[in-house]
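**Student:** Quick one: the structure is below, questions incoming.
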Ligand code: ATR
């Protein structure tokens, strides 16, 4: 019998670590599956996805630039995908309906809480950025019940839009939007969700946001310290993490959805870190 087939779809895709992560999960758990990388043409994501499932494919991860298209294409969406406005996981449900999920936020929260032992409940969190990556993680962050969550963005109106969207899910959390220049006080946790470092830039914020115990998390990952984390270290932060753990944790959540089996993430994070 052939192995079940999974893939990640993106453009470009050759750099993706997902095939490696899922192969490590499969060998660790004994699940019989193949996981490949598919580069979809910019103008034919739908054809790529349809063809994959017609060939008997079981599940897809979706990455840049197709997460919003995946969300639109689906017949049904999980609640967290609905709120995220983007999907990174696709599969057919028991009735054959194309189902979209988003495991990014769960991946971030799992990395913070399980791998780095950081409790989010009651904490003051600063999130930098208000694009797709940030929207994808706000629901799961708010579910952890921080005391405050401030979304700061270059374009303040986008941060305000996210506050309006997520206000009904804030419950005990004070949810606010602001511009970078308004940030003056230290936070317990700072999460960088901007894409500034892709252009070699930093979000222009005061180092006053970093206090004695501030934890800094860059959703980007890189083999060297990320630009943002280096800035934080240079301004007094002592605990900085990048997004490699989030990447592995979001993959683990997809694997659980598809296979009903929970892989161990620690050894996979360690192995990727040592590449
Ligand atoms: P992603 O899917 O990675 O979130 P996006 O939706 O384009 O990509 O969002 C990029 C985010 O990074 C936005 O918050 C953007 O700020 P604007 O909303 O003002 O555009 C932020 N960003 C990008 N380059 C930046 C820079 N050089 N300085 C500060 N913020 C930047």
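Yeah, the Cβs are placed from backbone N, Cα and C, and that goes for glycine too.
A TrEMBL annotation is a machine prediction, not a hand-curated record.
Sequence annotations record features per position, and here TrEMBL assigns domain 'Shikimate dehydrogenase substrate binding N-terminal' to 8-90. The feature shikimate binding site is assigned by TrEMBL to 16, 17, 18, 63, 88, 104, 221, 250. Under the heading active site, proton acceptor, TrEMBL lists 67. Sequence annotations record features per position, and here TrEMBL assigns NADP(+) binding site to 79, 129, 130, 131, 132, 133, 153, 154, 155, 156, 157, 158, 219, 243. Annotation comment: TrEMBL describes 116-197 as domain 'Quinate/shikimate 5-dehydrogenase/glutamyl-tRNA reductase'. Annotated domain 'SDH C-terminal' per TrEMBL: 243-273, in sequence order.
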**Student:** Radius 10 Å, atoms counted are CB only; among the binding-site residues 63, 250, which position scores highest?
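**Tutor:** Ranked by Cβ atoms within 10 Å, first place goes to 250.
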**Student:** Please work out the number of neighbouring Cβ atoms within 10 Å of the Cβ of residue 104 (shikimate binding site), leaving out its own Cβ.
**Tutor:** 29
**Student:** Among 18, 63, 104, 155, please name the binding-site residues whose Cβ is nearer than 6 Å to ligand 1.
**Tutor:** 155
**Student:** Could you check what DSSP calls residue 219 (NADP(+) binding site) once collapsed to helix, strand or coil?
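**Tutor:** SS state of residue 219 (NADP(+) binding site) = coil.
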**Student:** Non-local Cβ contacts of the residue listed as 'active site, proton acceptor' (under 8 Å, 6 or more apart, same chain)?
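**Tutor:** The answer is 86, 87, 88, 102, 132, 136.
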**Student:** Among the binding-site residues 16, 18, 88, 153, 155, point out the residue whose Cβ has the most other Cβ atoms within 10 Å, with all shown protein chains included in the count.
**Tutor:** 88
**Student:** Long-range same-chain neighbours of residue 130 (NADP(+) binding site), Cβ under 8 Å, sequence gap at least 6?
**Tutor:** 151, 153, 155, 158, 159, 161, 162, 177
**Student:** Record lists 79, 129, 130, 131, 132, 133, 153, 154, 155, 156, 157, 158, 219, 243 as binding NADP(+); longest Cα-Cα distance in Å?
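**Tutor:** Maximum Cα-Cα distance: 28 Å.
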**Student:** For the domain 'Quinate/shikimate 5-dehydrogenase/glutamyl-tRNA reductase' (116-197), jot down how many residues DSSP puts in helix, in strand and in coil.
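**Tutor:** Tallying H, G and I as helix, E and B as strand, the rest coil: 31 helix, 21 strand, 30 coil.
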**Student:** At its widest, how many Å does the recorded shikimate site span between Cα atoms of 16, 17, 18, 63, 88, 104, 221, 250?
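**Tutor:** Between the most distant Cα atoms of the shikimate site, 18 Å.
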**Student:** Would you list, in sequence order, the residues of this chain other than 16, 17, 18, 63, 88, 104, 221, 250 that have their CB within 8 A of the centroid of the site's CB atoms, where the site is the one recorded for shikimate?
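**Tutor:** The surrounding set, listed in chain order, is 8, 21, 61, 247, 251.
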